[in-house]
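First comes the structure, then the notes that go with it.
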């Protein structure tokens, strides 16, 4: 009687390659758990914390402003759950853009590994910067920031936000938090990880600082300004990868980058150094969200100035590297022209050789043919 051997196959496990290839599906399943909990009310007190904005306050209607009541929002600890959920959404959107847009272009262009990673980075960031610029500009126009710049510091603390304002900051925090797992999913090189961590950390530090210190008005204006300049850089790099002769976008970006740093410093000093410094209420009050004290103002201005100086230092190094590469590329193309002397001997030399050197055809000169015939 034959004895059946037991199967020695081990059960499937979540291997490294499996997670990298199916991370979007895994994240989608996790996000669907929260949505199903919200739809079927399996756990009604918990599911809305992840999906909807928390801490809303309904203000009654006034005769001067509006005929209907308005809902405003402030921040709290529950916002971390909302940021976590929309971080999962950002990972899913990242994977969709990568698979259905960037990967198809990469297969057509046949980029090298270095250009492949840079193209993916610029493609993802240009889409995010463009979306954030349009969204932020819509908020600026709808809330009359452009027509009345004093709204940046007037009526501080700005602890109550509209739905669009709070959702914008939640989305910004969620996107930059999603960049941490993307370093693993995109197989980022070890030598590039420190640069990416500094890049992501600076964004999170300034966005979270503006959100927690109730400087959301100033933070929104500076983000839109910065995102527009960064969008121009990354879209120029995308065009450069398709045609390396394209340099106009980088020239325009270089001018706007410097102007953007100057405008950032001017608006920051004008808002924090002059507007908030002249406000009547300058007492530290955590319950009211008032952080308008001298120490906080100095810390805010110092962080902004140090960041702008760091960005200018990186910008100068980038421009010097481009100038060296451009000079090294043009140096081999410049060749010395041969000095042409008068007379038959010089003309005969150029006819029988290249740049004055005799070739094999020199053996068939008229004088040699005469010697052969004799």
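Cβ atoms are placed via backbone N, Cα and C, with glycine included.
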Next item on the list: Scan 252-274, 321-343 against TrEMBL and say which stretch is down as transmembrane segment.
Entry: 252-274
Check: Pick from 48-72, 123-147: which range has transmembrane segment per TrEMBL?
Finding: 123-147
Notebook entry, point to check: What else in the chain is close to the transmembrane segment (197-214), if you only count residues 6 or more beyond its ends and a Cβ gap under 8 Å?
Noted result: 75, 156-159, 169, 172-173, 176-177, 179-180, 220, 222-223, 289-291, 296, 300, 303-304, 307
Item checked: Top Cβ-contact partner of the transmembrane segment (83-102) among 123-147, 220-240, 252-274, 294-316 (pairs under 8 Å) -> 123-147
Item checked: Same-chain residues near the transmembrane segment (123-147), Cβ under 8 Å, at least 6 residues beyond its ends -> 94, 97-98, 101-102, 105, 162, 164-165, 168, 172, 175, 217, 220-221, 223-224, 227-228, 230-231, 234-235, 238
Check: What mean pLDDT does the predicted model reach across the domain 'TLC' (117-326)?
Finding: 92
